[in-house]
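Student: Below: one structure in structure tokens.
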Amino acid sequence: MKFNFKLILIILIINQILIINCKENKILEIYKSGNICPYPLHYRERTGSDDHDFDLGFVYARNDSNCLLPCPSPIYTSQEVNTLSLMIKITGTISFIASLILLLIYSPLINRMGYNRHTIGIFFLTFSVFLIMLTDIIYVHHGNDLICPQSHRYSRQNDSGCTITGILFQYGCIAAVLFWATLSLDLYLTLKKISTKKVEKWYLIILTLIALILTFVPLVKKSYGYLVTGLACWILDSTDQIIFFWAPFTAILGIGSILIVLVVYEIYKISKITKQNRGIFQSHIRPLLMVLFIFGQFLFILAFNALINNKYDEYSARMDSYIDCLFSSSSYSYLCRLKTFPFEMEFIVLFFLRLIGIEVLIFYGFTQQTKKILLHSFLVNNIFFKKYFIRLDGASLDFSTVDEELKVVNFSCNNNNNNNNSNSNSNSNLNNNLNNNLNNNNLNNNNNLNNLNNLNINNNLKNSQNNLNNSQQNEPLSSQKLSENGNVNVFMVESFDNNNSMINQFKHLEEKNNIILNSIISPVQEEQYEEDEINNKNINNNSNNDENN
């Protein structure tokens, strides 16, 4: 009896297993041919052409089913997607602002010093990084809708957002690595003291054309879209990726690495010669570090892509196992896990890519070259900055037009006039004449005044001499004339004393405003002021002569 009970129990268990397997097989058949798909897959009837469905953004889990993969891709958990999204929004925004600041500084809007091989490379490298970071700003604005227009459809080139971000990302990456190599070449040519002014515009045109060709040929082929394994709109076909990105990217990176070795060798030779040349060595450390930093990041991206391609078959097998798990365990599909790309490495690659904008600002935004550009720009050379900000030590601040200089000179002189008028009301006419001469830079008036003063003094001297000669013949008359002439001389002495007093007061005020006057007086104005000072000295000499007489 005991034996029969065990046998019955075994039969029941086997029967239950068979029933479950039968149900699972039926469910699997339903999934393959019916309108039901396990979570998170979604049912969609095929149109008959897999390529057409793929071009529309629909990716089926299996070739023999109507179940679509979810969007975003199941290779990342929801927590990992949120982590990547948050990192992209924060670092992408900061890097975008940093690259925008440096781009404006080196743009023709602010840079009035012209361009050379070095500044051209910085401007276009920054512009390329700016375009890459701009795709992050677009993503911040649209969110996951930019990647997934629908819950189970991936964005394609037909979607405007994908087209724009795809072009910006592809051109930005290609141009960035091209102009990075250009800066490496510039560093080497600078050390070798080789000039390339005649060919600068040509290599700029050639590099831009290369980047445009590698960007718009995939656009003509309608190759842009969001991959199941990606987080950006980029080239879909793996062959096109190699032709239009990875092959030129690797070649340019190889050329750049050779240039880096040559630069390090040249710097080593310079550092071994003399202490004077060590200053040259130190001046090239910052550009070299920038080139090395970007080289390391580009190299890491290349290594990550090589790792993905090397393990592509393994990752594809894991994806197939995940799909099988979903179909075979429909009631427990949430237990199925997909583990393909290493999330940590993906995070580091995306993070390093977004650090480039911050790095270009740190390495190129705080240099003597950038300081000179700012000091010669309208941002510094304006009345508001002169009035409310302290002038930088050792800086030579210039204005773009003489009119702006004269406005500031008149502003300073008018303030001095007000102070002089308040200190000396009794001599207001003389003070106004002097200030008007300085404000209007009227050299002719000063010369006329000097001539008139000299003429009056000479006349007075002659009259005094005549009176002295005739004093013995006509004492009453001579005394009267000497008294009159003496009054005239006293008046002239007092007038010139007042004139000297006002000149000294103006000089005292001019010393107080020395920072403003030194930074804005043009060469023409300096010459006029020197002539005015000579005239003032002549007036002082005439006054002293009059007193002696």
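Each Cβ is built from the backbone N, Cα and C atoms, and glycine gets one as well.
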Student: Quick check on LYS197 and THR47: does Swiss-Prot annotate them with the same topological domain, i.e. the same side of the membrane?
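Tutor: The record shows them split across the membrane, with topological domain names that differ.
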Student: Looking at ASN63, ASN410, which residue has the N-linked glycosylation site feature per Swiss-Prot?
Tutor: ASN63
Student: Quick one: which of ASN158, ASN499 has N-linked glycosylation site in Swiss-Prot?
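Tutor: Looking at Swiss-Prot, the N-linked glycosylation site feature maps to ASN158.
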Student: Using DSSP and three states only, what is ASN63 (N-linked glycosylation site)?
Tutor: coil
Student: Below 8 angstroms Cβ to Cβ, which residues of this chain, lying six or more residues outside the topological domain 'Extracellular' (220-241), approach it?
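Tutor: That would be 55, 57, 59, 69, 73, 75, 84, 88, 135, 146-148, 154-157, 161-163, 165-167, 169-170, 308, 315, 340-341, 350.
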Student: At an 8 Å Cβ cut-off, counting only pairs 6 or more apart in sequence, do the transmembrane segment (347-367) and the transmembrane segment (120-140) clear the bar of 3 or more pairs?
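Tutor: Yes; at least 3 Cβ pairs under 8 Å.
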Student: Thinking of Cβ pairs under 8 Å, which stretch from 120-140, 163-183, 199-219, 288-308 has the most of them with the transmembrane segment (242-262)?
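Tutor: Per the Cβ count, the answer is 163-183.
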Student: Any chance you could find the range in 120-140, 163-183, 199-219 with the most Cβ pairs under 8 Å to the transmembrane segment (288-308)?
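Tutor: Maximum Cβ contact count belongs to 163-183.
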